[in-house]
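The next block holds one structure in the form of structure tokens; read it before the comments.
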């Protein structure tokens, strides 16, 4: 959530920055609402002051034995009280309206983010590794998995529907090995604390990280949002429960940065992805991911973004998977992000790079929603932290890349060296 002061004192400048990411802020409506807010605020304060003064006069009149005057003033106070209640109600309703508008406004892009409308205008930063040249016809991961009997899409459709998977035998083990390797790397070498978190979260948590109210249709809910009562939602990413660890807390400066990682399933309705990536493991309703989260001081967050992205890159490098790093343009960034890097892994059967990790600096956007703060040494007033998150990595897509990049002419799949200790020493599957 943006600082409301920006919408009051720097409205035109804020609108211009939002326009860079394709968001049109209704400046005239906000300006009108702000004038109403000021007027109602002044009216409320004036009525409160009048009532306080009258109440004091009642006591003075009674002390002087002038009960008739006291009764007269008491009647005036009653009328003022009614007017004050009306003014407070009108102000509260107006503040709610302003809040509902603010909740739908995305984060401001950092000045270093390139301008652009969509993914076609993202800017490539670097590449690592060279795609292999194959002397046989390349198969995709679906064919490779079904040939070996390790990926069973038909059973998943029977059990649940489309965009689900059943894995068997060595393929299920490889999936587990990938996640275990990532967790070990991030906790043992990159300094993250492993977390086990709930997979069902409440609305406050989803509001805190920005999924609600704007993206409710992308979630799986335990009860429709229209029903009374508090429902729960399946997490779309571990970013939600892990980042919410600092909601409504004040962290000591000395304890920052906080670095946390979690391996969880993620659940997404893919409401806006009809017809996209309908084959295979690329876009699923349920998929596993190892998430990286950092909580930092404001002045440290941009350096932390570089570090966090580097941690995700290290996974790909150790798995010897060719990838490229891109910075997202203003029009392609997520709702809460100020700056985002995507890592895209080479997928041979598609002859292209596909996103496997998205690493973002949210700055204080989530922290303001969550009231996540820290206190500097020697200071009384706490400040908002900055929050960062990234995939380290998406397990299913990593498996796709391993299968397709490691495929052999006979249909077997070479296991990356760093995973073999998790696979009982096996060098190939399939």
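Heads up, the Cβ atoms here are built off N, Cα and C, so glycines get one too.
For 237, 238, 239, 291, 391, the entry in Swiss-Prot reads L-serine binding site. Residue 239 (L-serine binding site) counts 28 other C-beta atoms within 10 Å of its own C-beta, drawing on all protein chains shown.
The annotation ATP binding site is assigned in Swiss-Prot to 268, 269, 270, 355, 356, 357, 358 on the grounds of sequence analysis. If you take the C-beta of residue 268 (ATP binding site) and look for same-chain residues 6 or more apart in sequence within under 8 angstroms, you find 218, 219, 220, 236, 284, 285.
Residues annotated as compositional bias 'Polar residues' in Swiss-Prot: 47-58. Helix, strand and coil counts under DSSP for the compositional bias 'Polar residues' (47-58) come to 12 helix, 0 strand, 0 coil.
Annotated region 'Disordered' per Swiss-Prot: 46-67, in sequence order.
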Distance from residue 291 (L-serine binding site) back to residue 357 (ATP binding site), taken between C-alpha atoms, in Å: 10
Span of 237, 238, 239, 291, 391 around L-serine - largest C-alpha separation, Å: 9
Per DSSP, three-state class assigned to residue 238 (L-serine binding site): coil
Spatial neighbours of residue 270 (ATP binding site) that are distant in sequence (at least 6 apart) but have CB under 8 A: 163, 218, 276, 283, 285
